[in-house]
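Visitor: What Swiss-Prot records for 85, 126 is divalent metal cation 1 binding site. What Swiss-Prot lists as divalent metal cation 2 binding site is 127. Look at Swiss-Prot and you will find 263, 374, 411 tagged as FMN binding site, backed by sequence analysis. According to Swiss-Prot, the feature region 'Coenzyme F420:L-glutamate ligase' maps to 1-223, an assignment based on sequence analysis. The region 'Dehydro-coenzyme F420-0 reductase' annotation in Swiss-Prot covers 224-423, and the record cites sequence analysis as its basis.
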């Protein structure tokens, strides 16, 4: 659509479009670049405020590489620099995305209906990069009067095969098609698609916000480096689980991660006993409970106090899956004096702890909750008898594993300075 003037803050885009006599008819779809929408809405800031503007528009950082930030903005869009852009704007300024692109699209649609009496769809477009693909394309960030998604699930293809996952991003396809004629530097910020009346919808149709995938469904929520860092802090102690079964394959993958931990003398001091049957879990927990009660009675605790303490073990009893990590000291050195022999054992204990931590972190990566409980360390002989383990295996607690009954709360970051001494 040639002939549009330079857009300034306060301009009515519908009137500007109508003024160039575009010959619009019912069923047309207007593809409007977000740049002119931002200009009309006064979303212009000084270029030296760019970083502050990105900060203000950012909800979370998805990935960072040097000065480049891929972020999620307040509309849920994941894009470079929160869409703050220095192109197609006067030198010394940058443009922010429209505050509410769907509302912007509705305003243009309503304005054209009032001015020209036509029923058209409007898609506000912006340029996005894409994971796994080189190059840019336009996508829909706002829409009105357009079926933004075409859900084909439940139908069949030409061969009669069921369609179970096909949801076509119609608004994005329209945006990309429009970019072929608008270009990035041709001074043509609006294009018209004609001949697709089936994509036109009523005023109550969802806008482009419906195309934003929610966090719980996002398999690629973080960049690679960010995901690796966050995986460590995702681990939580989970004490309540659902009845959903635990995938044994996920636990075995976590064990594979666990045994990459550092260990002394090129040894492998970890063993993980997987209690996958209810019978084995009950046998162990009953034996440990009896040993605990005997210890508490030896401490002259009251029966009421004993019952209260024993209930703390319910986190293990209520878990659908248990793992008993054990330390083995095969390959350890004997020095013949207490000081060095104690240090040798401590090395193996530290290595076992590193393996257990790897295991817990990997479980979190598998979306499994866990709780490490120390109890098996207080009755190792009992545990070995109940599980038929060799005398050389030293139980180092137990890990309850399952699907968390509720989403763990965010944990505030700790100030590392409180734990650091520099010399």
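Every residue, even glycine, has its Cβ placed from backbone N, Cα and C.
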Visitor: Taking the region 'Coenzyme F420:L-glutamate ligase' (1-223) alone, what is its mean pLDDT?
Guide: 90
Visitor: Do you know which of the binding-site residues 127, 374 has the most other C-beta atoms within 10 angstroms of its C-beta?
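Guide: Ranked by Cβ atoms within 10 Å, first place goes to 127.
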Visitor: What number of additional C-beta atoms lies within 10 angstroms of the C-beta atom of residue 85 (divalent metal cation 1 binding site)?
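Guide: Its Cβ shell of radius 10 Å holds 20 other Cβ atoms.
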Visitor: How would DSSP class residue 263 (FMN binding site) in three states?
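Guide: Residue 263 (FMN binding site) sits in coil per DSSP, no helix or strand.
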Visitor: Measure from the Cα of residue 126 (divalent metal cation 1 binding site) to the Cα of every one of the binding-site residues 263, 374, 411, then give the nearest.
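Guide: Nearest in space to residue 126 (divalent metal cation 1 binding site), counting only the binding-site residues, is 411.
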Visitor: What are the sequence-distant neighbours of residue 263 (FMN binding site), meaning same chain, six or more residues apart, C-beta distance under 8 angstroms?
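Guide: The list for residue 263 (FMN binding site) reads 269, 270, 348, 351, 354, 355, given in order along the sequence.
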Visitor: Just name the winner among 126, 411 (the binding-site residues) by count of other CB atoms within 10 A of its CB.
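Guide: In terms of Cβ crowding, the pick is 126.
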Visitor: Quick one: pull the CA-CA distance for residue 85 (divalent metal cation 1 binding site) versus residue 127 (divalent metal cation 2 binding site), whole Å only.
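Guide: Rounded to the nearest whole number, the Cα-Cα distance is 10 Å.
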Visitor: FMN site residues 263, 374, 411: biggest Cα-Cα distance, Å?
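Guide: Greatest Cα separation within the listed binding residues comes to 30 Å.
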Visitor: Can you give me the Cα-Cα distance between residue 411 (FMN binding site) and the residue listed as 'divalent metal cation 2 binding site' in Å, rounded to a whole number?
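Guide: With the alpha carbons as reference points, the distance is 35 Å.
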